Structures are given as structure tokens and as C-alpha cells.
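So TrEMBL says this about it:
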| type | residues | note |
| --- | --- | --- |
| DOMAIN | 4-148 | domain 'UspA' |
| DOMAIN | 158-280 | domain 'UspA' |
Amino acid sequence: MQLKDILVHLDASERSDVRLRLAVDLARRHEAHLTGLYVVDLVLPVGFGGSFGDGGAGIGPILDRLREEALAGAATAEARFRDTMRREGISGEWRAAEGITAELVALHGRYADLVVVGQEDPEGEQPAAGVIIERVLFSSGRPVLIVPFAGRFETLGRRVLIGWNASRESTRAVHDALPLLARAEAATVFSVNPRRGPDGHGEVPGADIALHLARHGIKVEAAQTVSGEVGEGDVLLNQAADMAADLLVMGAYGHSRMREFVMGGVTRTILQRMTVPVLMSH
């Protein structure tokens, strides 16, 4: 697969510009078309009780004001996006939609090679980002690049850490990342607490997938470790820091429960504590 069609979710937060810069860099390197998606999602302020003595008619002016503010934010983001596209000479288009953000990003994401979204900042302006990530990961069928809520990222994909556990999701993530891995200076297949044997990671954990990647011309090595008392997600993040990785590739795990998707422990840890961009696939 080639990266020829990238979707980036933009909003009114300061981190939106960081996502846009990363998406623009990817589009330039891969000669891809870039779509900027902004969703006008009218969310009532936290603590709003919604109880009016007039039968709820008083909520109308509040919704009108929220919509006006949201449309103004969309116009600002659109101007910035279009200016960036002109300056960088990149093929792109702007889309604005009204509705539930998570549902619309997942829907539009189905028609892209890669979806770029932001990590949830628990103290930030976009508290619903975690819901967006979950919906896109498990509903769009596309790989998702998640950009941390803190930090600046001058490079992406030069040094790649692959969190490998020989699962279907992990395999999907590796192959979805091939366009990025093909341009990497170095990549490490990293297994935490591997299970040896034909029904696990193989006799030499990570060796089989590393050989497969090498046949694609990718500079790759395999490594493994035992986590001990440290959680596997934290081990992955520590390894990413130790090797100065600028991208983590891994599968996204979860199971369905009462019509909701419950994320696995490692996936949840990475989404909460990531320090580098993470490409996930389900």
C-alpha cells in the first residue's frame, strides 16, 4: 500500500496546528492528497443542567451562540489549512461537517489511507478526543496516527519502534506502516514477554516478521525483553525513549462489551502516556 490519501482531523485547539504540520510533512514526502476535516459538534458546557422554566425554549439561544462560535473556529481553521496547502504546494481539500465528531471522523476515515488525530489531553480543550480515537480505531478499518497532546515533532518515521506480539492486530499495524517503514533509517521489532513456539512468537521472537520486513528492503532488527513488575505499555514507551524513536507502531486491542468497545490494557496505557506519535491498527 502507498500513502496517497491522508485525512487529518482539525479543531479549534492549539494542538491542531501540530497535527496539521505532521500531516503536511507526510503528504509532501509521499506525494499524497491531504484532506482537512473539521466537525462542528455542539456540546453543551460542562455543568449545564438544561433545566429551564420555559419548557426548554431557553436552550435555543445557547445553541445558536455555540454554533456561531464553532463556525467561526471552523472558518479560522479553514483559512489556516488553505494557506498551508498553497504555501506547501500540496494537493488538498477542506471538509466541514456538522454532527458527532467521533462518528464523522470514523466515517470520512474509511476513504483514506491514514487518519491523523490527536491524543486526549485530560486538562485540555478537547476532552472528547479519547472517544474519537476509540471510534476511529475500531470503526473506520483504517490505520490511525495519534499525535501526543504535548511536544513538538520535527521528524516522523526515521527511527521506528514496532511493538510486536504476533497477533492479528500487530500484523495489521506492521503492514499498514510499510510506507513509513520503507523510508525509515532504522526499525526495531520489539517483543515484551514473548511466548516461544509455533503458536506464539516463534522460536526466535520477532525474527519472522523482521525477516519479512527485510525482504521489503527495510533496515530492521529484532529485540525482546521481560517486563517484570513494569507494565508492558510502559516498557514500550521506555524503549522508544532509549532508542530515540520518533514513531511507535502497534496493534490496537479491545473487546466488545454491552455494545461498547473496551480497550486492552497496553493499548489504554499507550493512549494515555504516549510521548511520540503512535500508528495503531485494529
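Cβ coordinates come from backbone N, Cα and C, glycine included.
Any TrEMBL annotation is an automated prediction that lacks curation.
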Residue counts in helix (H, G, I), strand (E, B) and coil for the domain 'UspA' (4-148), per DSSP?
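So the domain 'UspA' (4-148) is made up of 65 helix, 30 strand, 50 coil.
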Per DSSP, what is the residue tally for the domain 'UspA' (158-280) in helix, strand and coil?
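Counting residues by DSSP class gives 41 helix, 34 strand, 48 coil.
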